[in-house]
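Before any comments, here is the structure.
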């Protein structure tokens, strides 16, 4: 069966969105039918994702594949244009995987289940579209599509300060989106032709100062979503009020949109400007790692502690992105996928713990490990993954970024030594705050007031299944990284070569080598 010409990506994007529109008319009284319907749609869409890439995607091809383009507004060269390469393909698979598990994690939701699952499925299609669309205006539209579902998930199903957290989220992200729109319009109308096609935009000859201005605009927008300090303050508040399924989507997918867009837009379209901004990004990455780790250590609220841990781990993505090495960029992509899995697992377990203890304050916990041994074991395993224990995906990703940056010839030796040392400090801080978190929750003397007022039952099969599904790829990638890296290495190698050509010193060295090679005598003739 020839599937090469089938509109896979369009089907994968539109299926959950179309399915969400049917939810209001499905007969259901207590929400049980709706949740099974949403889970079935999620599983079908994820199966389509896996099948499409298994049958129609070539790992050795660095260019866009599964390409579809349908005219939308021909006068402005606006098209429904989608495609996938090594950067987007792992994140599309991650989106399908995490969203399907988040649907299962939402099983206890009883408040407005129709609206909840409608938003979940709408987000499903929108998030895949972010990683697949190849038209800048379309990218802006699907980027904005994510704001409304996340806002409502926070504002309706969040905690006591949900309105504050939701409003802060929408102000930050909508404000950042303005920079995407302005930069996209400016690029589209630059030069003799008007186009929003990303590949065409990358071929335009922008003046360097113009590139720097565009790069700064995109950086502000994507730094909010990643997030990069100091544009991070919305995330701890959002995580502090979100429910477990919303946590999984925030940590597992939403943050990756920022990292993906930085690589796709800033590096892919504006490589010359990237050469000037890269040292700044490295410094910002180090600040993310150290500052967020120290702040996480000081947090007494469990959700905020894990939220700052997420910010710290995303610092490795920034440094790998700015390393100008194949290994560093490969590590950055691997870290995005790894953190998506680990972050989703930790926040799911935080939600499971809160459902039983009804508190997020570490001072009010203690000694619950004896009463909840399964949750204790799963929390420990996922924490080990987060602190980059060898044999788990986090270790491989961070090691690749370490070695990739340390071997980069785009920076001075002194700068590299300082950065690697500070990265190592951040890695050392991670087990300190995570192990102390485990000790405060599960070890020590039981809080008698907590035990007497709450029924501390252990994990149910549904919860064990969700964590098992997340741990399998975490451990699988940890022992055999090629399982994932082979999917995108061809694309990252091609992009790194282009980025290295944009660095004046590296480009000059390349020209010198080429000149010497051409002028050297041929030995053996």
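Each Cβ is built from the backbone N, Cα and C atoms, and glycine gets one as well.
Same-chain residues lying 6 or more positions outside the transmembrane segment (6-26) and placing a CB less than 8 Å from one of its CB atoms are 33-34, 37-38, 41-42, 44-45, 48-49, 52, 56, 66, 68, 80, 82-84, 92, 96, 114, 117-122, 124-126, 128-129, 132. The transmembrane segment annotation in Swiss-Prot covers 6-26 (among others).
For the transmembrane segment (36-56), the list of distant contacts is 3-4, 6, 8-9, 11-12, 15-16, 19, 23, 26, 65-66, 84, 89, 92-93, 96-97, 99-100, 103-104, 117, 120-121, 124, 128: same-chain residues at least six beyond its ends, Cβ to Cβ under 8 Å. What Swiss-Prot records for 36-56 (among others) is transmembrane segment, and it gives sequence analysis as the kind of evidence.
The transmembrane segment annotation in Swiss-Prot covers 91-111 (among others) and rests on sequence analysis. Same-chain residues lying 6+ beyond the ends of the transmembrane segment (91-111) with a Cβ under 8 Å from its Cβ atoms: 12, 30-31, 35, 38-39, 42-43, 45-46, 49-50, 53, 84, 117, 120, 123-124, 127-128, 131-132, 156-157, 243-245, 248-249, 252-253, 256, 260, 336-337, 340-341, 344, 348, 351, 355, 462, 465-466, 469-470, 473.
Annotation comment: Swiss-Prot describes 115-135 (among others) as transmembrane segment, evidence class sequence analysis.
For 137-157 (among others), the entry in Swiss-Prot reads transmembrane segment, with the evidence type sequence analysis.
Summarising the annotation, Swiss-Prot assigns transmembrane segment to 169-189 (among others).
Annotation comment: Swiss-Prot describes 212-232 (among others) as transmembrane segment.
Residues 87-88, 91, 94-95, 98-99, 101-103, 105-106, 109, 120, 123, 127, 130-131, 143, 146, 150, 153-154, 157-158, 218-219, 221-227, 235, 303, 310, 314, 317-318, 321, 329, 332-333, 336-337, 339-341, 343-344, 346-348, 350-352, 495 of the same chain sit 6 or more residues outside the transmembrane segment (243-263) yet have a Cβ under 8 Å from a Cβ within it. The transmembrane segment annotation in Swiss-Prot covers 243-263 (among others) and is backed by sequence analysis.
Annotation source Swiss-Prot lists transmembrane segment at 314-334 (among others). A Cβ distance under 8 Å defines the sequence-distant neighbours of the transmembrane segment (314-334), meaning residues of its chain 6+ beyond its ends; these are 86-87, 90, 226-228, 255, 259, 262-263, 267, 274, 277-279, 281-282, 284-289, 292, 393, 396-405, 407-410, 419, 423, 426, 477, 481, 484-485, 488-489, 492-493, 495-496, 499-500, 503, 506.
Here Swiss-Prot flags 335-355 (among others) as transmembrane segment, drawing on sequence analysis.
The annotation transmembrane segment is assigned in Swiss-Prot to 375-397 (among others) on the grounds of sequence analysis.
Proximity of distant same-chain residues to the transmembrane segment (464-484), defined by a Cβ-Cβ separation under 8 Å and at least 6 residues beyond the stretch ends, is recorded for 90, 97, 101, 104-105, 334, 337-338, 341-342, 344-345, 348-349, 374, 378, 381-382, 385, 390-396, 400. Among the features that Swiss-Prot reports, transmembrane segment is placed at 464-484 (among others), with the record citing sequence analysis.
If you count C-beta pairs under 8 angstroms between the transmembrane segment (212-232) and each of 115-135, 137-157, 169-189, 375-397, the highest count goes to 169-189.
Under 8 Å from some Cβ of the transmembrane segment (335-355) lie the Cβ atoms of residues 90-91, 94, 98, 101-102, 105, 108, 239, 243-244, 247-248, 250-253, 255-256, 259-260, 302-303, 306, 309-310, 313-314, 316-317, 320, 368, 372, 375, 378-379, 382-383, 385-386, 393-394, 396-398, 401, 441, 459, 463, 466-467, 470-471, 473-474, 477, 484, all in the same chain and six or more residues away from its ends. When Cβ-Cβ distances below 8 Å are used as the criterion, the transmembrane segment (137-157) is approached by residues 72, 78-81, 109, 111-112, 115-116, 119-120, 122-123, 126-127, 129-130, 163, 165-167, 169-170, 173-174, 177, 180-181, 184, 188, 196, 198, 238, 241-243, 245-246, 249-250, 254, 257, 261 of the same chain, each at least six residues removed from its ends.
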